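**Q** My questions all concern the structure below.
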Amino acid sequence: MLDNKDIATPSRTRALLDKYGFNFKKSLGQNFLIDVNIINNIIDASDIDAQTGVIEIGPGMGSLTEQLARHAKRVLAFEIDQRLIPVLNDTLSPYDNVTVINEDILKANIKEAVENHLQDCEKIMVVANLPYYITTPILLNLMQQDIPIDGYVVMMQKEVGERLNAEVGSKAYGSLSIVVQYYTETSKVLTVPKSVFMPPPNVDSIVVKLMQRTEPLVTVDNEEAFFKLAKAAFAQRRKTINNNYQNYFKDGKQHKEVILQWLEQAGIDPRRRGETLSIQDFAKLYEEKKKFPQLEN
């Protein structure tokens, strides 16, 4: 039987909406979870214990936050919508281990906030129902900063989650797969139906688990340049890497032979498409490119 105090039920969420006269903002991608079973699955996948610090993005009315607070040492939640701050102050009042920061996660000084609020935690996890319209920027922003995050269990649009977790050669595999898998080991936790949200989103959802690698999957001396090179191979998915790189490099059309030579030395067939290349293949291309100063972009 569900605790009738749980926020993640249709009746309690509706009561809070009425109490605070809250209207959803489509521009902020607000879809509140109203199913405790889904939340419990997220908590279980997160392996949270009494020594874990949690970063949550977009707590909404606190349906996931309250469950995190019951399991974790501390919860640091970022909420962009000022209208939700009094609601969260109300719903989370029983918990003294939760800090809510009213800021845009993409503009916040996350490193400083972690140092101030989660410094005594042995492990840090990001656990969140992410705003779907900025899922990718949020994840890349967190992964590419010097923040001691051990892993992520996050809900997102199903299509985006499948891209993060995609295998080489699959339709969903692309530059986003490469960046995320460079930093983390990815796995699917569960698919989530539209019916467990208020209001229901227009798309299906998925929960994915991303655990930080102790070392990146490949070693490169400039991650930004490496990711740009990989992304260029997917510029036009139906074209070969040879064609895509001719369009990518400055004066690429004049350096057709150089591009072919570069691909050959890296052991990559120029007729292949970007989605057939592994992260290791792109690392070979990146290293070999250093021998060809003509290839600028």
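Each residue's number is its place along the chain shown, starting with 1.
Just so it is clear, glycine is given a Cβ too, placed from its N, Cα and C backbone atoms.
As annotated by Swiss-Prot, S-adenosyl-L-methionine binding site applies to N31, L33, G58, E79, D104, N129, with the evidence given as sequence analysis.
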**Q** Across all chains shown, how many C-beta atoms besides its own are within 10 angstroms of the C-beta of D104 (S-adenosyl-L-methionine binding site)?
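**A** Taking all protein chains shown, D104 (S-adenosyl-L-methionine binding site) has 13 Cβ neighbours within 10 Å.
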**Q** Just how many other Cβ atoms lie inside 10 Å of the Cβ on L33 (S-adenosyl-L-methionine binding site)?
**A** 23
**Q** Suppose we draw a 10 Å sphere around the Cβ of E79 (S-adenosyl-L-methionine binding site). How many other Cβ atoms does it contain, all chains included?
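**A** Its Cβ shell of radius 10 Å holds 25 other Cβ atoms.
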**Q** Do any residues at least six apart in sequence from N129 (S-adenosyl-L-methionine binding site), in the same chain, have a Cβ closer than 8 Å to its Cβ, and if so which, in order?
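**A** Spatial neighbours, sequence-distant, of N129 (S-adenosyl-L-methionine binding site): N31, L33, G58, G60, L64, V154, M155.
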